[in-house]
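In what follows, a single structure is set out as structure tokens and then discussed.
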């Protein structure tokens with residue numbers, strides 16, 4: 001389904017709710033807020049007759065209801081702290097990174113400073129709402145955080161979080177598997193990987209022990225073993241708390257781990273819309289005009305299908321490329337044994353420290369196609385366009401294509 005974002009701002013919707021005496025929790029209008037005033041953020045600052053005043057945006061009220069309030073009336077130390085930090089951040093950037101504060105005798109803020117402070121406050125609220133939405137929709141226990149200390153970019157407007165493949169009409173990502181292993185304690189001689197002709201992918205510590213290129217066969221919903229089976233890893237979702245953050249070198253959003261990740265550990269699954277290769281070809285040419293795409297070819301056994309994570313995906317949508325990555329792609333089969341439709345899992349290639357960015361090589365086998373260079377019918381001029389790589393690795397190839 002295609003969703004159309006509401007074109008009305010929160011302020012417009014809040015004003016309509018108040019006029020009609022309606023409540024709407026999602027935009028901050030409750031029975032309590034209809035009759036009360038709570039500071040949402042601070043917009044401006046001035047000094048009159050020796051007293052400091054702040055222009056207040058009231059939660060659940062439109063901006064037309066903003067009022068100037070003396071400092072002593074405000075019981076919101078965190079919001080005041082945010083206001084001062086945003087103001088000083090703006091001045092620091094104007095001075096080329098040198099810290100600078102307003103002098104005590106300044107009685108009003110310049111409009112540009114006030115405008116920046118308001119934009120940062122709105123961005124903070126929008127990112128907080130996005131974080132809450134992501135954590136409502138995820139199906140794993142680990143937390144997802146969102147952070148932007150670089151610019152004024154807010155949440156992506158046309159991205160919808162999903163936990164598993166979203167198949168296009170006519171594509172079945174579950175092939176109706178009706179049998180599973182009879183193991184009382186996996187792994188056993190007749191466990192799922194051995195039935196498929198491969199070895200168990202994990203060791204006793206639930207870490208990957210196979211080489212890249214080999215498939216992973218996990219126990220499925222019909223297997224006799226329980227949820228603590230050592231052959232159920234990818235299907236449980238990411239076990240690590242991750243942070244979607246804004247990069248400071250022009251690579252847009254990225255993902256970093258908030259916990260230490262040991263070598264050969266499952267980190268996350270790459271999900272999105274499953275489409276035919278023909279549809280991927282059509283979308284790829286459109287995405288090329290935008291300068292990016294999230295097409296991931298499912299080419300383990302054939303090249304019939306592609307995963308498109310541009311509009312529908314999970315945290316992996318925001319993972320950046322590196323020529324020296326710390327994640328590796330593996331094909332996984334659980335409740336679907338169709339070799340044309342593997343699930344895509346990302347495992348750590350080395351120990352990853354808390355706070356370190358997660359990356360994978362977009363040109364790995366069966367990996368993301370950011371260039372569509374292999375597309376038939378593109379003009380020579382289109383094929384010659386080079387995308388500069390900004391991964392910063394010592395072994396950087398210089399270009400993404």
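Glycine is no exception: its Cβ is also placed from the backbone N, Cα and C atoms.
So that you can see what the record holds, here are the features copied from TrEMBL:
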{"type": "DOMAIN", "residues": "37-95", "note": "domain 'Chromo'"}
{"type": "DOMAIN", "residues": "179-237", "note": "domain 'Pre-SET'"}
{"type": "BINDING", "residues": "181, 192, 219, 223", "note": "Zn(2+) 2 binding site"}
{"type": "BINDING", "residues": "181, 183, 186, 191", "note": "Zn(2+) 1 binding site"}
{"type": "BINDING", "residues": "186, 219, 225, 229", "note": "Zn(2+) 3 binding site"}
{"type": "DOMAIN", "residues": "240-363", "note": "domain 'SET'"}
{"type": "BINDING", "residues": "251, 252, 253, 320, 321, 362, 390", "note": "S-adenosyl-L-methionine binding site"}
{"type": "BINDING", "residues": "323, 389, 391, 396", "note": "Zn(2+) 4 binding site"}
{"type": "DOMAIN", "residues": "385-401", "note": "domain 'Post-SET'"}
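For residue 391 (Zn(2+) 4 binding site), the same-chain residues that are 6 or more apart in sequence and have a Cβ closer than 8 Å to its Cβ are 320, 321, 322, 323, 324, 359. The two recorded residues, residue 252 (S-adenosyl-L-methionine binding site) and residue 223 (Zn(2+) 2 binding site), show a Cα separation of 42 Å. Counting residues per DSSP class in helix, strand and coil order gives 24 helix, 22 strand, 13 coil for the domain 'Chromo' (37-95). Mapped onto DSSP classes, the domain 'Pre-SET' (179-237) shows 7 helix, 4 strand, 48 coil. Neighbour density around each Cβ, counted as other Cβ atoms within 10 Å, peaks among the binding-site residues 181, 183, 186, 192, 229 at 192. If you take the CA of residue 191 (Zn(2+) 1 binding site) and look 10 A around it, the binding-site residues you hit from 223, 362, 390 are 223. In this structure, 253 is the one among the binding-site residues 253, 362 with the smallest number of other Cβ atoms inside 10 Å of its Cβ.
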